[in-house]
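What follows is a short report on a single structure.
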Amino acid sequence: MGPFKSSVFILILHLLEGALSNSLIQLNNNGYEGIVVAIDPNVPEDETLIQQIKDMVTQASLYLLEATGKRFYFKNVAILIPETWKTKADYVRPKLETYKNADVLVAESTPPGNDEPYTEQMGNCGEKGERIHLTPDFIAGKKLAEYGPQGRAFVHEWAHLRWGVFDEYNNDEKFYLSNGRIQAVRCSAGITGTNVVKKCQGGSCYTKRCTFNKVTGLYEKGCEFVLQSRQTEKASIMFAQHVDSIVEFCTEQNHNKEAPNKQNQKCNLRSTWEVIRDSEDFKKTTPMTTQPPNPTFSLLQIGQRIVCLVLDKSGSMATGNRLNRLNQAGQLFLLQTVELGSWVGMVTFDSAAHVQNELIQINSGSDRDTLAKRLPAAASGGTSICSGLRSAFTVIRKKYPTDGSEIVLLTDGEDNTISGCFNEVKQSGAIIHTVALGPSAAQELEELSKMTGGLQTYASDQVQNNGLIDAFGALSSGNGAVSQRSIQLESKGLTLQNSQWMNGTVIVDSTVGKDTLFLITWTMQPPQILLWDPSGQKQGGFVVDKNTKMAYLQIPGIAKVGTWKYSLQASSQTLTLTVTSRASNATLPPITVTSKTNKDTSKFPSPLVVYANIRQGASPILRASVTALIESVNGKTVTLELLDNGAGADATKDDGVYSRYFTTYDTNGRYSVKVRALGGVNAARRRVIPQQSGALYIPGWIENDEIQWNPPRPEINKDDVQHKQVCFSRTSSGGSFVASDVPNAPIPDLFPPGQITDLKAEIHGGSLINLTWTAPGDDYDHGTAHKYIIRISTSILDLRDKFNESLQVNTTALIPKEANSEEVFLFKPENITFENGTDLFIAIQAVDKVDLKSEISNIARVSLFIPPQTPPETPSPDETSAPCPNIHINSTIPGIHILKIMWKWIGELQLSIA
């Protein structure tokens, strides 16, 4: 264990301007506060785990200080303890800290034995990651040999999370050619090691030097670059943080720009330190002159859920059927969404507040009915939001502190006094979820959600979009086991004319089925309702509430797996259908869809990105059909197909995260986001977690000229997909965002084509270069670009920095295809020298019809390798009769094999022989 001394790690936070983040982290005088480490409810109780987390973080603060030139340190952290663990005197109730906004999740390994620390990164270079994942065994120090000290590995992950930097190693392609010479992928290039391969046969193993492949110019499969235990290089933390000497990130001076790794691929060849230096945190801090204190810790234990509904019943709620819709959505929340064991109260407000019901615990259906009957029946008066909030605080404090409680605030009106209670809200420790109903809801409403970490949603007056019910359906608990949460399977609406039918199907898959509820609403008269289960049996027993204009059916036990069919008939009116359920089994993770946007405010012409993360437990669901419905305050709805293709807005292919740019703004104000996901004949579940941004697995190290091998890294097959069909249906609220600076129609074209991020190149036929990429659009990843500009150079930096001066390829015959189509282009390099050992670099720029240009693409690379001539062996006397070998020579370039290198972002080498 020579290279692994007791070390510490860096915790540095990159707060993106305008970015949507649930994180509670704040930077205060060089110290980071409010970081949440959550222990998963399924982790067995182990009090030593808490101390191990503390030790890791305490070590980290010093390393943070050193690595950033005394600029940052780790000030405090909250450790979130499961409700199922024993209570202790020093465990207190959380305030705003929840599992949903945790920065670090400590959970059992998936699959078992895979303890690799990793970070979810959905965005591009410089964009904040989602969450760090660690296992109890990793934190306990049981993986020191494989990943080095826990603190150092955690720094590596935190840089992914807060700064949006990427790995500087490459598990798929560990070596590359540079000017005809083999180089190990590393940063900095001064790190030393030996290229060896471990061979095992018959229970015994031995080590030998890697064999040079005279055809490809690279080493054989299985070759490892094993590091010397003693190094002098100080960088880089994103390559090999476990090495004692490494205490820095790569800078522009020592960064290895040619290495085919994700950092170069995603960040346009920039060093990690350059990316970090561009962060807002770095720009607003200066180095410290004194030693900071050790970090402090708070131990927070999840308790019973406490919720108070604060509902607007002012005069404006009488218009547009709003009060009735509030009752429908409120009943869904009370009858289905809120979990058993929760404490729920209700306050209404107009010009003043009115307590409808004190806190009661939901232990039975009768408790739910009691609250549902207290929903407001009449609307009148003005709007005083602060009165409602203050009354809710009073209701909660009669039984519990407000810390960690939740308030669901719905309003449709303006209130210019809302800022008067902001300080009280901050001091309360309560989480406020806001629902803005209609076009005139108070503009300051979202501030309440932002300052408390609550959800912000918007529902228009377009009843058929079912926005209000979706908003309340999204308010399941942010804590506790996922098996207890309400999951929305369907949400649909339609305006019928002349006794038309609203027909459709809902899939109940094997991961859900408990507490399944069918909810139907109407605007005029009760419709005819027909429902059949998968066996064709007609279902009856709907509870009809003519006053609220809704009917619902709770399926007893576990609903049958399969396709449920419904038919609704009515005269001219609007109907909606909502179906919710829960996990069928506490030990079988349900398929979930989590949707969001990359920011909650968007200033035109800045594009917005919509994400949908589809998982069963930790396993991603691939090849689903995913669409986002984005509705503006004008009532206009845009439908986006979200893709998991690794192009455009989508950062990584086949990781279960579906993404797309939104550019179709039509007005200023609020927009709601809703995602529909369907799994059919093509959908599949990946057995293992896809390769994420994670710390380097150490194959071994060299100590006193001897190689000490670690056990082989757990195999993670990127193609390990279960081909059994995954049929399911889900809907998910993606919250809302607010757009500004949108010009009046006609809206000008200010959006360029999207950046090409998956350009690959290979030599074809000895003299031609074949390019492939995913087509961008006229506006990012929508429409069709007008033309492409392709340039080449023998210098990677010249092509990046002097693209317009580099040699241009004739693309007259290249007509762009529609966005997200595969493009193929074959050309012959001209007016450039291409000889043995030469690397040729290629990049593309897309141009739209108004001459707006995309960013330069990733840089692809082809390398020409001519194997050395091998003299014929002199035959031994007893081999004189041996026949001569039959030699085949490439007909295009005699005596030369061509090495074709397809390099995605100079990152993912794929080698083949022409």
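Glycine residues also receive a Cβ, built from the backbone N, Cα and C atoms like all the rest.
Per Swiss-Prot, the feature active site maps to Glu157; the stated evidence is a curator's inference. According to its DSSP assignment, Glu157 (active site) is helical.
Taken from Swiss-Prot, the feature Zn(2+) binding site applies to His156, His160, Asp167. Note: His160 (Zn(2+) binding site) has non-local neighbours Thr119, Gln121, Gly129, Ile132, Phe166, Ser693, i.e. same-chain residues 6+ apart with C-beta under 8 A of its own C-beta.
The annotation domain 'VWFA' is assigned in Swiss-Prot to 306-475 on the grounds of sequence analysis.
Per Swiss-Prot, the feature N-linked glycosylation site maps to Asn503 (among others); the stated evidence is sequence analysis. Its Cβ taken as reference, Asn503 (N-linked glycosylation site) is surrounded by 12 other Cβ atoms within 10 Å in the chains shown.
DSSP assigns Asn585 (N-linked glycosylation site) to coil in the three-state reduction, outside any helix or strand. Asn585 (N-linked glycosylation site) is surrounded by 14 other CB atoms, counting those within 10 A of its CB over all protein chains shown. Among the features that Swiss-Prot reports, N-linked glycosylation site is placed at Asn585 (among others).
What Swiss-Prot lists as N-linked glycosylation site is Asn770 (among others). Sequence-distant contacts of Asn770 (N-linked glycosylation site), defined as residues of its own chain at least six apart whose C-beta falls under 8 angstroms from its C-beta, comprise Ala761, Glu762, Ile763, His764, Val824, Phe825, Leu826.
Around the Cβ of Asn804 (N-linked glycosylation site), 9 further Cβ atoms fall within 10 Å across all displayed protein chains. Look at Swiss-Prot and you will find Asn804 (among others) tagged as N-linked glycosylation site.
Within its own chain, Asn810 (N-linked glycosylation site) has Phe827 as residues 6 or more apart in sequence whose C-beta sits under 8 angstroms from its own. Feature annotation from Swiss-Prot assigns N-linked glycosylation site to Asn810 (among others); the stated evidence is sequence analysis.
What Swiss-Prot lists as N-linked glycosylation site is Asn831 (among others). In sequence order, Leu807 make up the list of same-chain residues 6 or more apart from Asn831 (N-linked glycosylation site) whose Cβ falls under 8 Å from its Cβ.
Here Swiss-Prot flags Asn836 (among others) as N-linked glycosylation site. Following the DSSP three-state reduction, the secondary structure of Asn836 (N-linked glycosylation site) is coil.
Taken from Swiss-Prot, the feature N-linked glycosylation site covers Asn890 (among others), and the record attributes it to sequence analysis.
Taken from Swiss-Prot, the feature region 'Metalloprotease domain' applies to 46-199, supported by experimental evidence.
Residues or ranges marked as signal peptide by Swiss-Prot on the basis of sequence analysis: 1-21.
Computed over the region 'Metalloprotease domain' (46-199), the whole-number mean pLDDT of the model equals 93.
In this structure, the C-alpha atom of Asn585 (N-linked glycosylation site) lies 62 angstrom from that of Asn836 (N-linked glycosylation site).
Non-local neighbourhood of Asp167 (Zn(2+) binding site): Met238, Phe239, Asn261, Lys262, Gln263, Ser693, Gly694, Leu696, each in the same chain, at least six residues away, with C-beta under 8 Å from its C-beta.
DSSP classifies Asn770 (N-linked glycosylation site) as strand under the three-state reduction.
Spacing of Asn836 (N-linked glycosylation site) relative to His156 (Zn(2+) binding site) is 38 Å (Cα to Cα, whole number). In the three-state DSSP assignment, the secondary structure recorded for Asn831 (N-linked glycosylation site) is coil. All chains included, 25 other C-beta atoms sit within 10 angstroms of the C-beta of Glu157 (active site). Shown in sequence order, Thr119, Glu157, Ala159, Val165, Phe166, Met238, Ser693, Gly694, Ala695 are the same-chain residues outside His156, His160, Asp167 whose Cβ sits within 8 Å of the Cβ centre of the Zn(2+) site. Across the structure, Asn804 (N-linked glycosylation site) and Asn503 (N-linked glycosylation site) place their CA atoms 57 angstrom apart. Scoring each of the recorded positions (His156, Asn836) by how many neighbouring Cβ atoms lie within 10 Å, the top position goes to His156. Residue pair Glu157 (active site) / Asn503 (N-linked glycosylation site) shows a Cα separation of 48 Å.
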